[in-house]
Structure formats: structure tokens, C-alpha cells
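Just below is one structure, and these are the notes that go with it.
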Amino acid sequence: MAGNSFGERFKITTFGESHGPALGAIVDGCPPGLEISEEDLQVELDRRKPGTSRYTTQRREPDQVKILSGVFEGKTTGTTIGLLIENTDQKSKDYSNIAGTFRPGHADYTYTQKYGFRDYRGGGRSSARETAMRVAGGAIARKFLEQRLGIRIYGGCTQIGDVKAESLDWSTVNNNPFFFPDESKVPALEDLINALRKDGSSIGARVEVFADGVPPGWGEPVFDRIDADLAKAMMSINAVKGVEIGDGFAVVNQRGEQHRDEMTPQGFLSNHSGGVLGGISSGQTMRVAMALKPTSSILIAGKSIGLNGEAAEVVTKGRHDPCVGVRATPIAEAMLAIVLLDHYLRHRGQNADVVPPFPPIPG
């Protein structure tokens, strides 16, 4: 099965299914000498793991990561890093009622059309459970970026349904179960999620992530633009249906004199571009947003078909997130870190000796 690897110089390959015995990742390209431990990875995994609040899936997975290779005496060796997380709370019987039907809005139908077969237990390989390994691999990239290069990655969920963040305090996102930067909206979010659970339904969300301290010059021309890789990274996350870089789709209503990020010797006057110009980092804050659809795993009956094309009605049982965006922030941050470290290594490989004609202006 192709499509299980991401990155060029810093590459992560994941494996495993939602209801299989374990999930795993192979991380290639991490420079040697980086101090790293299972505890470093666990901090990020604990932010993503299921069952941590009553507003997410009640599947309880400890998501305890094991480093199998590539680390010796607390430092990366420069060789392949092997990571493993065991699944411990599968309830495959919850999915026996959909073994012969396709859940509308899920990958059941398309996987069967592609492979002629599917793992119906929790979505198998198409489950968001896979993203645990992205977070583990991304934690390695994140620590390198922070420790070696001083790059700070952060983000949060800025909208769930019609509840929007009106103030943005990114230092508070880990203080509430929604990763929401506007704590005044938390009661409204609690009411919304409780109502969705009562109705057996779900809702979409918007997640935004940022990177401060990225120097100018990262990214490759044309097909390997850094914003193109960011878009691919975010679109590869389950349920993501749209990605914005900088002002994104708002540029439709902007005039040229509004959108262009004017420059002075003292720095940029705006950041509509989201820190990327011509596919190459500008030195400004990188800003990426994504829209996540409402999950189709709901208790409201829906029309579908069976394995032989016959009409069927589907009700999805099991333990599911009423809003998948609630746990998406650590995943998006991890993918941002992976893209940035990959492009840092690519840039260093070709352009390490390049000296620009003048110092970069402040972002």
C-alpha cells in the first residue's frame, strides 16, 4: 500500500490500524546528537490521546510510546528511529453491525473500490488513530526545531460550529479541553458538545497553527514550495477539507495594495502571506489554518448501500468524537514541525554556504 510516508530529508513512515495490535512509525533523517526521550514524545501524545475529557471519544488509550531504535544514551544516533504504541482498548464488536454495509461519508466505500476489501473495525488504516504516530514523529522534529533553531510552534482550535474565538490568547489553549484560545467561549462549547451528544450528531471545526522564528529562504521553487508541502501535510490529516496559508480564501476580497506585504528597513508592515512568498519562507510568522468536517460516525440513521449494492440504512455505534477538531491541534502542530525540519535539512544540503547580499529584515 503506497502513501504511508511523508517527507524527503526528514521522513516519517507510519503503520498500523485502529483495531490492530499496535501502531508504529519509522523516522528517517533525524540529525545525530539530539537529546530525546520517550517522555519528550509522551508530552505531545498526551495532548492528542483519546478519553482525556467527556467532550471526546471515550475510547481510553494510554498511547504509551516506546523508542525501539535510533536513540542511545539519550541522544539520536542519526540512524532510523523506530517508534511503537500498543492498542489496548479496542472494542471491535461495536462495528459488527456495519461489516456488510458502507458508512456514508467514510472511507469504507472508497477503500473497497480501491482494494476490493476493507477492515471495517473502526475504519482500519483510514482511522484518525493513525495520527498518534505523526504526533510522536513530529515531537522529534519539534524538539530539534526548538532546541537547535529557536523555532516556536503553537496553535489552537479557533472555531467549532458557530462558536468563534473572538480573542486569541495562545498561552491558554492547554487549559481547556478544546484547545480554544478564547476561554470566555468554553461554556458555550461545552453546551454545544453536550447537545451534539444528546442528538447523536457531530460538528466541524477550524484549527490554526503557527511557527515563529523560521528564517527566510526555506522552500524549493515550483513543485516543492514550502506552502505546497504545508497544504499537503494538513490535507493528509483525517477530516481536513480545506487549508489556508496566511489570509487564505479571504484574499478573494482584497485589493493588491491591501494584500501585498510592504517592506521597510525596519521590517514587514503586514503578514497577509502567512510567512511564505514564492513558495519560500520570508522570515515572518508562518500561519496555516484548516477546516475539518463533522465526522460521519453518528447515531442518526443514514441511507447507504450494502456489499452487493443493495439499499441499506446505517447507524454507527462505537465511541467517537462529536468534533474531531477538538484533538486536531497537536496533529497539525506535528505536521508543521515535520515539514519545517524537512525543508531545513533540504535547504542546508544545497544552500548552507549562501550569503545573502544584506541581512534579513525583521518579520
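Heads up, the Cβ atoms here are built off N, Cα and C, so glycines get one too.
Annotated features, as they stand in Swiss-Prot:
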- Arg48, Arg54: NADP(+) binding site (BINDING)
- Arg125, Ser126, Ser127, Asn238, Ala239, Gly278, Lys293, Pro294, Thr295, Ser296, Ser297, Arg319: FMN binding site (BINDING)
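Distribution of Swiss-Prot features across the structure.
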residue: Arg48; record: NADP(+) binding site; Cβ contacts under 8 Å, 6 or more apart: Asp63, Thr131, Ala132, Val135, Arg327, Pro330, Ile331
residue: Ser127; record: FMN binding site; Cβ contacts under 8 Å, 6 or more apart: Glu17, Ser18, Asn238
residue: Ala239; record: FMN binding site; Cβ contacts under 8 Å, 6 or more apart: Ala128, Leu292, Lys293, Thr295, Val324, Gly325, Ala328
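If you draw a 10 Å sphere around the CB of Arg125 (FMN binding site), it holds 20 other CB atoms from the protein chains shown. In this structure, of the binding-site residues Lys293, Thr295, Ser297, the smallest number of CB atoms within 10 A of the CB marks Lys293. The DSSP secondary structure for Thr295 (FMN binding site) is coil.
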